[in-house]
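Asks: Below is the structure I would like to discuss, written out as structure tokens.
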Amino acid sequence: MELLLWMVPLLLVPLLMWTSTTFVFYFKKFFYVAWMMCLALLAIPLSILKSGGRDIENMRIIRFLVRHVKYFFGLRFDVSGWEHLQTEGPYVIISNHQSSLDVLGLMEILPDRCTMIAKKELIYAGTVGLICWLGGIVFINRKKTSDAKSVMADAAQTMLDDQIRLWVFPEGTRNQNGDLLPFKKGAFHLAVQAQVPLIPVVFSSYSNFYLRKEKQFKSGTIRLHILPKIETKGLTSDDVSDLCDRCFNVMRSAFLEISPSVSHSNGPISH
């Protein structure tokens, strides 16, 4: 009898995986979060042994451990523009942000000595938060503009002192509405203050395999387009708005181009 009770859920799971897209969606989401927490649990002692604590070099360990996760979900990355990441010295990478799955694409192309700027709440995400801290991720409080500006100013100096790169999501939040949200200016102030180039990275729309509202999560291909760097040397804070608009327009054009399921009839978004 007990054996029979154990067999029921074992038989039920594959049945639901076959018949219910909603069950598949939640099962994959749960597995994704759980597996990431397990990988973080493995990465924490490895990072401490390697670097003794918080160090951007720990991102190498995180990158190595995360790169296989795409295979569990049947995801494939088609990357173009690799040569644009072969830029010496510090720079700021900016990319669109659709879901937590962006981490997989980020780790697919993450250059050496590169970490992220992330919301402060992430540090409280259990083992994932701790490994993010060990990987040198810069946390900002999005609710306090003065705090965010101070952190960005410190980050600009750290970029130059330690010769590191930073990855920023200028939309400021996850967005899956079929277009880009207007960019916040923090990443552009950061690049201008440090006088380092910006490298735009565009993820194609996930709408052909991942739809949060419709509870669909299938296998699929994500196109990752790395665009040519945009220089900031000689620019000042007065140029930030124009720089922001320029990057937005270039990235939006690329997004529409590499996302065949996205309507190209959308007009420009005003900033």
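Along the chain as shown, residues are numbered 1 onward.
Placed from the backbone N, Cα and C atoms, the Cβ positions cover glycine too.
Unlike curated records, TrEMBL annotations are generated automatically.
Note that the structure is predicted; figures quoted are calculated from it, not measured.
Dumping what TrEMBL says about this protein:
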{"type": "TRANSMEM", "residues": "6-25", "note": "transmembrane segment"}
{"type": "TRANSMEM", "residues": "30-49", "note": "transmembrane segment"}
{"type": "DOMAIN", "residues": "91-206", "note": "domain 'Phospholipid/glycerol acyltransferase'"}
{"type": "TRANSMEM", "residues": "122-140", "note": "transmembrane segment"}
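Show me how these features fit into the shown structure, please.
Replies: Outside the transmembrane segment (30-49), and at least 6 residues removed from its termini, the chain residues within Cβ reach (under 8 Å) are 55, 58, 61-62, 65-66, 69, 72-73, 100-101, 103, 126-128, 130-131, 134-135.
Note on the transmembrane segment (122-140): residues 36-38, 40-41, 43-44, 47-48, 51, 53-56, 58-59, 62, 115-116, 147-148, 151-152, 155, 158, 164, 166, 186 of its chain, located 6 or more positions outside it, place their CB under 8 angstroms from a CB of the stretch.
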